[in-house]
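Q: This structure is in structure tokens; I'll ask about it shortly.
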Amino acid sequence: MDTPPLSESDSESDACLASDQELQDAFSRGLLKPGLNVVLEKPKKAVNDVSGLKQCLAEFRRDLEWVERLDVTLGPVPEVSETQPTPQNQDQKKGVNPEDDFQREMSFYRQAQAAVLAVLPRLHQLQVPTKRPTDYFAEMAKSDQQMQKIRQKLQTKQAAMEKSEKAKQLRALRKYGKKVQTEVLQKRQREKAHMMNAIKKYQKGFSDKLDFLEGDQKPVERSAKAGGKGQQMSKGPNAKRRYKNQKFGFGGKKKGSKWNTKESYDDVSSFRAKVAHGKGSRRPGKKGANKRPGKRARQKLKSKAR
């Protein structure tokens, strides 16, 4: 059975469906750019310019006199004044720190100086003048005086950095010292509080030994009799309280303090018969003289004083 040929409308719809599917696939892969355009990647071409490479090689191989080139190659140059190796010199041999301005500038200076010293004999052999004529007044980019100023400035900067580092270390040490001192003081306070609590317990009879004693001394143990006395004393007031009661009087509970007891009832040592029956040496009918003046006398004295 032969299939009927597709019409133009059917072919256009199939093309649209295919293009829509391609756009969806490109969008899912992230290849769509603004404007719904798909950027097609072009294949990279390997450039092999043989003639250009040969021309560069010919320029490298050009044999010129050294006077025309005046090139010299030197490695890292150590300081001349260094006789013994130091950790700083060993670090310089390993490599110059690009962040250190002083070290970097000094390496440039030493390398340039060594290159000049290596080239001068060869220039003298070739009879090339190396000194500036007297009528040549053009100065170089940086004179020796300017270089000396730069050197002094770099030295000052390095000294300031070292001073700042030392100050930081001192501050850190002081902070650590204060922290240690605070810990020591807190430890002493805790030990003192523990010792005072142990002494109070020992005095009140709650403990029979003192654990804070150190050294060769054995811990003091309370005997049975001492412990018994301590327990008995703990029931009543201590010596300080008894002394204050004796001096200022008992300031505690007053209710029932004047009640009679069996011991006070049987105690007749303070009984005086003459005083009880009024047979003392006092004269009857005479009372002690009243030293305070009367009301009228006080008013008269007050008016006279005005």
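Including glycine, each Cβ sits where the backbone N, Cα and C put it.
Keep in mind that this is a model prediction, so the values were computed, not measured.
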Q: Which residue range, 130-149, 150-169, is the one Swiss-Prot calls region 'Disordered'?
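A: Here Swiss-Prot associates region 'Disordered' with the stretch 150-169.
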Q: Based on DSSP, name the secondary structure state of S264 (phosphoserine): helix, strand or coil.
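A: DSSP assigns S264 (phosphoserine) to helix.
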Q: Of all the modified residues given, S264, S270, which has the fewest Cβ neighbours within 10 Å once its own Cβ is left out?
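A: Among the modified residues S264, S270, the sparsest Cβ neighbourhood within 10 Å belongs to S270.
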Q: Take the region 'Disordered' (150-169) and find every residue of the same chain, 6 or more past its ends, with a Cβ under 8 Å from one of its Cβ atoms.
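A: Contacts of the region 'Disordered' (150-169) (Cβ under 8 Å, skipping residues fewer than 6 from its ends): 101-102, 105, 142.
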Q: What whole-number Å value do you get for the CA-CA distance of S270 (phosphoserine) and S264 (phosphoserine)?
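A: Here the two Cα atoms are 11 Å apart.
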Q: With DSSP as the yardstick, break the region 'Disordered' (150-169) down into helix, strand and coil residue counts.
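A: For the region 'Disordered' (150-169), the helix, strand and coil counts are 20 helix, 0 strand, 0 coil.
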Q: Fill in the CA-CA distance, K179 (SUMO2 cross-link) to S264 (phosphoserine), as an integer in Å.
A: 67
